[in-house]
Amino acid sequence: MHSVRTSTTSTSSMVSSTMHPFDAFNAPQPYQQHHPPRWNIHNPHFSQTNGHSIQKTPSMIKLHSSEGTVPTTNGADTLHQRNMEEKIISAPLHYITGLPGKDIRGKLISAFNEWFRIPDEQLEIIKRVVGLLHVASLLIDDIEDSSKLRRGFPVAHSIFGIPQTINSANYAYFQAQSEVLKLRNCNAAFTIFTEELLRLHRGQGMDLYWRDSLTCPTEEEYLDMVANKTGGLFRLAIKLIQLESDVEDDCVPLVDLLGIIFQIRDDYQNLQNEQYAKNKGFAEDITEGKFSYPIVHSIRSGAANCSSGSSELMNILRQKTDDEAVKRYTICILEKTGSFEYTRRKLTELMAAARAMLAEFGSAEAAGLGGILDFLELKE
């Protein structure tokens with residue numbers, strides 16, 4: 001023990017207060033163990049450098065160690081590796097984009113550009129941004145909603161697993177962010193991108209909270225949530241287009257209205273449309289326990305009239321049932337409370353307001369948007 005203390009004291013005296021800090025690393029260290037170099041010499045073609053050797057081949061560089069060969073690929077192999085990784089990471093995204101769909105958002109962007117007339121290069125960037133965010137949101141929504149089908153096919157996480165699907169969706173968010181930085185007014189575009197994604201997640205958060213806490217929102221609260229959630233990508237697209245355009249018209253109010261129309265129409269079709277049932281499953285919103293627009297109306301109107309249907313609806317939503325008989329009974333409750341009729345009237349009212357807004361612009365270039373509104377009309 002005495003000799004140990006002596007050795008330590010001796011070393012300390014060599015690293016004096018006047019020594020440059022980095023010189024301390026060169027001072028003798030107590031109990032320092034010397035090991036042979038980690039990398040062994042196997043290549044006769046190169047001279048030794050500090051006990052290391054490197055073997056070079058046309059396709060790769062190999063470092064030989066006691067634990068095996070560690071390859072470091074050259075440029076061509078690195079590119080191939082990156083491409084393979086990209087395919088793996090993006091597989092859930094590519095799966096969803098490969099499913100049949102109407103691309104309503106892409107068509108909407110093209111329709112708005114009929115009068116904003118931004119360059120094709122900028123337009124394609126905006127389409128990629130919105131497309132990536134849309135597909136990412138579908139991947140996450142299907143997980144959060146425990147969905148089984150997407151456009152008539154198994155949801156992505158049923159094929160790739162939940163962790164890989166979440167990672168792929170997150171990857172798409174940052175791919176979209178990198179695309180935004182390619183726009184001419186990239187600083188302002190990045191601010192818009194951030195603001196709208198925050199609004200989208202606030203809306204989604206409230207939708208999930210109401211469902212999981214079994215809290216029925218008011219109609220006003222519901223519409224505010226939809227404006228944030230569903231209107232987010234519509235609004236992001238038009239704000240970026242307006243930012244890149246010399247045309248000074250403000251179409252954000254119209255886009256907000258279109259987002260609400262789109263979501264209420266989707267809620268209605270989830271419970272009433274046979275084709276929707278084939279693509280997503282019969283009355284999936286009931287299985288999810290979601291407070292969709294017709295259900296909010298039925299519960300609120302039933303509570304006001306002291307109807308037993310209101311409490312029955314709440315109990316059914318709590319079950320998150322997949323029983324078709326129970327779901328058909330739920331639809332009967334909605335019919336009795338006039339909730340489907342109320343939803344149709346609301347859509348007619350909103351559609352008229354949207355057409356009036358469109359007419360105010362008085363532009364022949366708005367024909368494409370008129371076609372979008374025609375598509376959104378309910379077909380009974």
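Keep in mind that glycine also has a Cβ here, set from the backbone N, Cα and C atoms.
What Swiss-Prot records for Lys102, Arg105, His134, Arg151 is isopentenyl diphosphate binding site, and it gives similarity to another entry as the kind of evidence. When Cβ atoms from all protein chains are considered, those within 10 Å of His134 (isopentenyl diphosphate binding site) total 20, not counting its own. Annotation note: His134 (isopentenyl diphosphate binding site) sits in a helical segment as assigned by DSSP.
Sequence-distant neighbours of Asp141 (Mg(2+) 1 binding site) (same chain, six or more apart, CB under 8 Å from its CB) are Ser147, Gln204, listed in sequence order. In the three-state DSSP assignment, the secondary structure recorded for Asp141 (Mg(2+) 1 binding site) is helix. The Mg(2+) 1 binding site feature in Swiss-Prot is assigned to Asp141, Asp145; the stated evidence is similarity to another entry.
According to Swiss-Prot, the feature Mg(2+) 2 binding site maps to Asp141, Asp145, an assignment based on similarity to another entry.
The compositional bias 'Low complexity' annotation in Swiss-Prot covers 1-19.
The compositional bias 'Polar residues' annotation in Swiss-Prot covers 45-55.
Taken from Swiss-Prot, the feature region 'Disordered' covers 1-55.
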Within 10 Å of each Cβ, count the other Cβ atoms, then let me know which of the binding-site residues Lys102, Arg105, Arg151 comes out lowest. Lys102
If you measure every Cα to Cα distance among Lys102, Arg105, His134, Arg151, the residues said to bind isopentenyl diphosphate, what is the biggest one in Å? 16
List, in sequence order, the same-chain residues at least six positions removed whose CB sits under 8 Å from that of Asp145 (Mg(2+) 1 binding site)? Glu284, Glu288, Lys290
Work out the three-state DSSP category of Arg151 (isopentenyl diphosphate binding site). coil
